[in-house]
Structure formats: structure tokens, C-alpha cells
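S.K.: Quick paste of what Swiss-Prot says about this protein:
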| type | residues | note |
| --- | --- | --- |
| BINDING | 90, 93, 163 | Zn(2+) binding site |
């Protein structure tokens, strides 16, 4: 992780402490009035700790880990992968948000591209951590620009947030859209072309 922060001398952000996570879940169950030793909840702290290790796996990955393989194919037209499933966790309430991401880029003048599946893996790197959708969108776009050095990038993310659906305003089905454009895709005509491809069904 970049710039790790020490927590009272007990570890650094970026280190997963499974036992500590179990204890925290147990304390949370007690705090809401449950009995963590009753049948049905006895193994819940361990299960939740293991689930969090998977759900937040992106904390222990870097974008370079998934974008290391590139190909110089001389391709200079837009590459776009649509409808990449997004599963993430709102950092404000620690409840899920889910939806899709559309990720496109115009390769560098050398024609350097990456595998299509790598774009989906890049989305996962940033989605599998405590997150907000706005930052998620920006991080995907900035990583592509930095690592692939394309002439342009567009990222559009559309998600439903459980923190709006199951609590608070309670509006299930409401979708949030965020976008980030970089380089040549800031050009109106090029951006419109990309958006028409994204919106086409």
C-alpha cells in the first residue's frame, strides 16, 4: 500500500488481521443486542472476517499488478469494454453498492493495448475496497492514463447503492452515474462517439 498509516503501534493499514476482525464483528453483534454465542451466530464472526478478506482484496493489490501485460499491435482506434460488473462497499456505511462499469481508451500512438479481461480486473482492484463511486471512477481512469499512456480514456460507472435503498431515503432502484474522461476523449465529438457506443443496447 502507498503511505501506510500506523494505528497505535498495532499494525499498518494494508495488513489484514483476521482475529481482530472476528473480535470486532463479535463486539458489533453484542452492541446491537444479539448473542454471538447462540446457534446461528457462533461462527458468524469468523465467516464475516473471511468474507471481508475477499470483499476488500483490492486493498492488497495495485493497478500495475493487472496491467503488466501489454501488446504492441499498432491498433489506434477506440477499445471499449461495456457492462463490467461492479461489486463494491460504501465506505460511509459499509453496505454494498453494485452496478456496471464501461471502460474505454484510445491506444497510444505506438498502438500499445492490454488484454480485455485486464480492464475488468482493474475495475475489481479499486472496487474491492471501502469506496465511493466518484473516487472509483476517477481511479480507474487515472490508472489507465498512467500505466498504458493512451491518447484518451473514458470511464462511466452506473450503480445502485444499498445505503440509499435499504436505509435513509429508502429509494430502491435509484441509480447513480459517474464519469471520467481524459486526453482526447475530452473532445466533444470523440466523447459523444464513446457515449453512443456505451448507451447502445
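Placed from the backbone N, Cα and C atoms, the Cβ positions cover glycine too.
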S.K.: With a radius of 8 angstroms around the mean position of the C-beta atoms of 90, 93, 163, what other residues of the same chain does the Zn(2+) site pick up?
M.R.: 89, 91, 92, 94, 95, 97, 161, 162, 164, 167
S.K.: Specify the secondary structure state of residue 163 (Zn(2+) binding site) as given by DSSP, simplified to three classes.
M.R.: helix
